[in-house]
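Notes to accompany the following structure.
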Amino acid sequence: MTSTPSAPRVGVVMGSRSDWETMQHAVALLERLGIAHETRVVSAHRTPDLLFQYAEQAVERGLQVIIAGAGGAAHLPGMLAAKTRVPVFGVPVQSKALNGMDSLLSIAQMPTGIPVGTLAIGKAGAGNAALLAAAVLALTDPAVAEALDAFRATQTQDVLDRPDPRSA
Ligand code: RP5
């Protein structure tokens with residue numbers, strides 16, 4: 001596990017070390033926005049007891065959002081959501097066999113009562129999960145709100161500053 005010095009408010013978990021290539025994009029944005037977080041490999045299938053422990057301790061540990069990435073039979077986000085009321089955002093990792101459609105459907109098709117906020121497959125989903133987590137925290141944290149507003153303003157200005165797609 002890696003973590004920022006202050007207590008983590010967002011947990012970024014993934015089913016395998018192989019998911020890091022995707023999930024690093026969530027972590028990069030959390031870091032850019034100055035949001036305390038932790039990263040951990042927690043596998044629904046290979047470490048089910050750890051999954052339950054992580055979810056059961058999430059509230060008391062002060063986690064406010066969990067971002068969970070998984071691929072293939074992607075049960076991690078749904079099972080975390082089943083064991084905690086902390087909001088879970090699921091990131092479908094692009095699988096080799098089915099290009100992430102299996103991951104997407106595994107995460108999105110939750111039964112009524114246990115929601116998982118499901119993002120796009122891959123890098124875009126990971127980044128947007130971090131931005132959604134920031135939006136949740138921004139409701140009660142002015143510093144995060146300011147950082148998120150600044151990120152969005154910079155993004156907009158970057159598009160406006162370079163209207164010609166052929167220029168550098
Ligand atoms: C899932 O199986 C993981 O989330 C990963 O996306 C996929 C493959 O895992 P590895 O076999 O690469 O460890 O549980």
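Just so it is clear, glycine is given a Cβ too, placed from its N, Cα and C backbone atoms.
Note: TrEMBL annotation is automatic and uncurated.
The domain 'PurE' annotation in TrEMBL covers 8-159.
When other Cβ atoms within 10 Å of the Cβ of D19 (substrate binding site) are tallied across all protein chains shown, the result is 24. In the three-state DSSP assignment, the secondary structure recorded for D19 (substrate binding site) is helix. The annotation substrate binding site is assigned in TrEMBL to S16, D19, R46.
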Please list the binding-site residues from S16, D19, R46 whose Cβ falls under 6 Å of any atom in ligand 1.
S16, D19
Which chain neighbours of the substrate site, leaving out S16, D19, R46, have a Cβ atom within 8 Å of the mean position of the site's Cβ atoms?
M14, G15, R17, S18, V41, S43, A70
Look up R46 (substrate binding site) in the DSSP assignment and reduce it to helix, strand or coil.
coil
Listed in sequence order, residues with CB under 8 A of S16 (substrate binding site) and six or more positions away:
V41, S43, A70, G71
